[in-house]
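Everything on this sheet refers to the single structure shown next.
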Amino acid sequence: MNSALFQLMMTQFRQYIREPQILFWSFGFPLLLVWLLGVSFSDNEVKEHTIGVVLPAQSEPAKASIKQWAEQMASTPHSLSTIVNSGEIKRDHLVKVKYRFHYYDNREEVVKALKRGDVQMFVELDASSGKRIYYLDPQNNDAMLTYFFLGDDPTRLTKVVEKNMSVLESPGLRYVDFLVPGLIAMAIMETCLVAVGWTLIEKRATKVTRQMRITPMSRHDFLAAHVLACFVFSFTEILVIYFFAQSYFDVHAQGGMLPFVLLVIAGNLCFAGIAILAASRALKAQTASGLLEVTILFLVIFSGIFFSYKQFPAWMVSVIEVLPLTILVDAMRMVFVEGAGVLDIAKQAAILSLIGIGTFVTGARVFRWY
């Protein structure tokens, strides 16, 4: 090999080794991501299906009967009886399912849980016949699979088909109704992190912040200007997304525009503050860019934008629930699919605003101008 070429290559390797962030993004971050996603989606335990049960209000015997059925179903994993090669399967959890039941006093509560993704379907006793009726959205694959498992019977082809499914068409049950609030929350986060965080990083890299610091300008005014400009841009973007979804997919904020606008403001304040804190210290654009990209990637994957985060292991759910994007997504879905008003989402809006104010003040205090 050409000696000069070899020496130049070795020089480049030494530069990589001297930059810890390069080693982290090349080795540490991919391994961390593989581990987190592997732990989340390659669970070797028996697959669990969550079902809601509406308890009869008037009849105690009926209530005891459906509870007894649910407890019996949940007590032991159910082996699928229609599998031909069950004796050859080594991973036993592949041919078994187990059920978890949540009890509700009325249909309104269980429908809300269904819209949130807390349950996949629900069961209610028919008042006249006393048989169990399964309520679900046929377009929900998990719900249909759960319904099939509950009716798994090797002799069912020789029996008269039992009519025990009721199709739900309640507003807010479609996947697009679940998806749009999450995408709006994601758009708020990405706009703030890019429009505020990346802009500040670029200005530090090009020494604009150094020049601004020697002027009589207030540092808080400088940072607040970025936040307010982001507010205007983001608010316009969110309105465009909302009215497009409304006109094309018939998706509405059932709780009204006021709680929706309140969450947009609180979300912008939260993520603009986080962007300032994330961009406050990094000297190199590559380091700060990687930090922002990792923040976006982790929040998008784990905050329940495209599917319910309740599918993750329980120890992860307890952490995911307190992430800022999760709080915003859950509150947005309350407004869109549950019809929540201002008072219903006031707590979430206050938490997001406090996070934004806290991170803004901290970021302004430790901000590196040059």
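Cβ atoms here come from the backbone N, Cα and C positions, even for glycine.
Per TrEMBL, the feature domain 'ABC transmembrane type-2' maps to 145-370.
According to TrEMBL, the transmembrane segment annotation covers 21-41 (among others).
Positions annotated as transmembrane segment by TrEMBL: 178-201 (among others). Residues of the same chain lying 6 or more positions beyond the ends of the transmembrane segment (178-201) and with a Cβ under 8 Å from any Cβ of it are 115, 117, 209, 223, 226-227, 229-230, 233-234, 237-238, 241-242, 245, 249, 251, 264, 267-268, 271-272, 274-276, 278-279, 282, 285, 288-289, 292, 295-296, 299-300, 303-306, 324-325, 328-329, 332-333, 335-337.
Taken from TrEMBL, the feature transmembrane segment applies to 222-245 (among others).
As annotated by TrEMBL, transmembrane segment applies to 257-279 (among others). Distant neighbours of the transmembrane segment (257-279): 184-185, 188-189, 191-193, 195-198, 200-201, 204, 223, 226-227, 230-231, 234-235, 238, 242, 288, 291-292, 295, 324, 328, 331-332, 335-336, 340-342, 344-345, 348-350, 352-353, 355-360, 362-364, 367; these residues of the same chain sit at least 6 beyond its ends, with a Cβ under 8 Å from one of its Cβ atoms.
Per TrEMBL, transmembrane segment is recorded for 291-309 (among others). Long-range neighbours of the transmembrane segment (291-309) within the same chain, counting only residues 6 or more positions beyond its ends whose Cβ lies under 8 Å from a Cβ of the stretch, are 29, 33, 36-37, 116-118, 179, 182-183, 185-186, 189-190, 193-194, 197-198, 201, 274-275, 278-279, 282, 316-317, 320-321, 323-326, 329-330.
Here TrEMBL flags 315-337 (among others) as transmembrane segment.
Residues annotated as transmembrane segment in TrEMBL: 349-367 (among others).
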Checking distant contacts: for the transmembrane segment (349-367), what same-chain residues at least six beyond its ends satisfy Cβ-Cβ under 8 A? 219-220, 223, 227, 262-263, 265-274, 276-281, 324, 327-328, 331
Who are the long-range neighbours of the transmembrane segment (315-337) in its own chain, taking Cβ under 8 Å and residues 6 or more past its ends? 39-40, 115-116, 171-173, 177-178, 180-182, 184-186, 188-189, 251-256, 259-260, 263, 266-267, 270-271, 274, 299-300, 302-305, 309, 344-345, 348-349, 351-352, 355
